[in-house]
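Novice: Pasting a structure here, questions to come.
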Amino acid sequence: MSQFADFYQLIAKSPLSHWLNTLPAQLSEWEQTSQHCKFSQWFNAVERLPMLTPARLDLLHGVEADCDPPLSAGQQAGIESLLRQLMPWRKGPFSLYGVSIDTEWRSDWKWERVLPHIAPLAGRLILDVGCGSGYHLWRMVGAGAQLAVGIDPMQLFYCQFAAVRKLLGGDQRAHLLPLGIEQLPALAAFDTVFSMGVLYHRRSPLDHLLQLKNQLVSGGELVLETLVIEGDSQQVLVPGERYAQMRNVYFIPSATALVSWLEKCGFVNVRHVDMSVTSTDEQRRTAWMTSESLADFLHSDDPRLTVEGHPAPLRAVIVAEKH
C-alpha cells in the first residue's frame with residue numbers, strides 16, 4: 001500500500017479532492033524511481049523509530065512532545081541515535097521526549113516574525129511550498145490549521161518529517177509530499193499559501209508567484225518570505241556564480257520591487273510587513289548540522305557583506321491576497 005494512502009483518504013472529501021486525478025500517479029512514480037543513494041538508510045532509520053503518542057504536545061510555542069512517565073535514558077539515546085542518522089537538520093528546533101534537535105536555523109524566530117501579520121490560521125487549509133523538514137507545518141497546526149500540506153522534493157526532508165510525525169503518534173493534521181511547485185496543478189483550493197526561502201532559488205520568480213496564486217482560493221492569502229536588498233522599486237540584485245556560497249540564487253529584489261512584482265501578477269492588498277537582517281544567532285553550525293553556516297558565508301572584514309561582496313542576507317515578509 002502506498003505510504004500516501006492516508007493522505008488520499010483525507011482529501012477525498014475535501015476541496016482538494018480533484019487533486020486525486022493526478023497526485024497518486026505522480027507519487028507512485030516517485031516511490032518506484034531510483035532514490036538518493038542514502039534514501040534507504042534514512043528510511044530505515046525512520047522505520048526503526050517507535051510510534052509514540054505524546055502525553056503532552058505543544059505545537060503553539062514550539063514543536064515539543066513528552067510522555068508520562070518519561071522515556072528512560074536508554075530509550076532517549078536510541079531515538080537520538082536514529083534521528084542523528086538523518087543529519088543535517090536545518091529547520092527546527094524540535095524537543096521530542098527529552099531529545100533536543102538544535103537545528104541550523106531558529107525557524108521559530110521566523111515564525112514569530114510572520115505570525116502577527118497574517119490572517120488567523122484556525123480552520124484553514126494550508127500549503128507550505130519548500131517546507132524543508134516540516135517544522136512550520138507543525139506550527140501551523142498549532143495555530144489551528146485544519147490541514148497543513150507541505151511540498152518539498154528533497155528526500156532527506158521527507159524522511160525528517162516522517163520521523164517527527166511518527167514520534168507525534170502519526171498525527172494526520174500535517175503531511176509532506178515530495179513534489180515541487182511546478183508539479184502541482186492549479187488547485188485553487190488553499191486558504192493560505194506560504195513560500196518562505198524559495199523565491200530567490202527560482203529562475204523565473206514571476207512564474208513562481210503565479211504558481212502560488214494558482215493554488216489559492218479567491219480571497220486566499222499568500223505569505224511570502226524571501227531575501228531582499230535595500231533600494232527602490234527598480235533595484236534587483238542578480239548575483240554571479242554564488243551568493244553567500246549558494247550557487248542557485250537568481251534574483252534578489254528590493255522589497256518595493258517585490259511588492260510591484262506581486263501587483264503585476266494580480267495580487268491585491270499587498271503589504272510589506274517585516275524586514276530583518278539574518279544573524280549568526282539565527283543561522284549557525286550546531287551539533288545537528290556540522291558543516292559551514294552563515295558565519296562562514298560573510299566577509300571576514302565586514303559582516304554587512306557576503307564573502308562574494310554582495311549585501312549580507314536581509315529577509316522580508318510580504319503578505320498579499322488573491323482577488
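Every residue number used here counts from 1 along the chain in the order it is shown.
Note that Cβ sites are derived from N, Cα and C of the backbone, with glycine treated the same way.
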Novice: For the carboxy-S-adenosyl-L-methionine site that Swiss-Prot lists with Lys91, Trp105, Lys110, Ile181, Glu182, Met196, Tyr200, Arg315, give the additional residue from the candidates Gly62, Gly130, Gly220.
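Specialist: Given Lys91, Trp105, Lys110, Ile181, Glu182, Met196, Tyr200, Arg315 bind carboxy-S-adenosyl-L-methionine in Swiss-Prot, the matching entry from Gly62, Gly130, Gly220 is Gly130.
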Novice: Name the residues of the same chain, 6+ apart in sequence, whose Cβ is under 8 Å from the Cβ of Met196 (carboxy-S-adenosyl-L-methionine binding site)?
Specialist: Lys110, Val114, Asp128, Gly130, His136, Val223, Leu224, Glu225, Thr226
Novice: Excluding near sequence neighbours, so keeping only residues 6 or more apart in the same chain, what lies with its CB under 8 A of Lys91 (carboxy-S-adenosyl-L-methionine binding site)?
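Specialist: Set apart from Lys91 (carboxy-S-adenosyl-L-methionine binding site) by at least 6 residues yet with Cβ under 8 Å, we have Thr103, Glu104, Trp105, Ser107, Gly132, Ser133, Gly134, Tyr135, His136.
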